[in-house]
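Here TrEMBL flags 9-148 as domain 'Potassium channel inwardly rectifying transmembrane'. For 43-66, 120-143, the entry in TrEMBL reads transmembrane segment. Under the heading domain 'Inward rectifier potassium channel C-terminal', TrEMBL lists 155-268.
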Amino acid sequence: ATRKRQRYVEKDGKCNVQHGNVRETYRYLTDIFTTLVDLKWRFSLLVFILAYAITWLFFGLIWWFIAYCRGDLDHLEDHAWTPCVNNLNGFVSAFLFSIETETTIGYGHRVITDKCPEGIVLLLLQAILGSMVNAFMVGCMFVKISQPNKRAETLVFSSHAVVSLRDDRLCLMFRVGDLRDSHIVEASIRAKLIKSKQTQEGEFIPLDQTDLSVGFETGDDRLFLVSPLIISHEIDERSPFWDVSRQQLEKDDFEIVVILEGMVEATG
């Protein structure tokens, strides 16, 4: 019976590795852009909504505070009084004015006057910071949407790899194909053998990675992936399978990870 093995890389390409005992978590915040891109969609959308809501509330509070300090809220019915912002009569209207300012919707009922220098400075500051928030958050969403995770669903690998003679040479072979009409440009393929080993000095190395040659010397690793291709690894003196018998191959605990890289022709 085939025994269940815990995979290093799942069949869908996800690495089955969890980082534990990470103490320097501040490093994730220093690279906040990549951290936001790597978050799950529900957390990314939450951060996206909070980023705008917090800035709108923050500047709305400042607009209300300016109106309160100037006494605009005490002269709502005084038509001779020139407020900082026309028709701003409370925090809700200040919040709506903040949204209009940051999203450049356009002023209608509420509009800033030229008798409020602190309001003009705040207007410039919110316009600049609002543009920065837009660029940062829209950039995060664009990068997250354009990630090629779903594109990999139409790249198919053979269910099994085989060891057989090819041109009188023993080879490990598997097949790869692309289902879409839009091609993968500059496609290249490489393979890694994941296996624990012990050095001559007695050091145990878990999950050691060894390259499997799939045509790097001859250029066969550069694929023209128009039709399904058979990828071959020749088992010669340089191969890690050279000294492995068929019986040992069936019992040994290892994993071969195949990495296909390239650029999507339609989107780059």
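Placement of Cβ uses the backbone N, Cα and C atoms for every residue, glycine included.
Those TrEMBL annotations? Automatic predictions, nothing curated.
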- Near the transmembrane segment (43-66) in space but 6 or more residues beyond its ends, with Cβ under 8 Å, are 36-37, 84-85, 88, 90-91, 94-99, 101-102, 116, 118-119, 122, 126, 129-130, 133, 136-137, 140-141, 144
- Task: Determine how many residues of the domain 'Inward rectifier potassium channel C-terminal' (155-268) DSSP places in helix, in strand and in coil.
- Result: 6 helix, 60 strand, 48 coil
- Local confidence of the domain 'Inward rectifier potassium channel C-terminal' (155-268) - pLDDT mean: 89
- Query: Would you list the DSSP helix, strand and coil counts for the residues of the domain 'Potassium channel inwardly rectifying transmembrane' (9-148)?
  - Reply: 87 helix, 4 strand, 49 coil
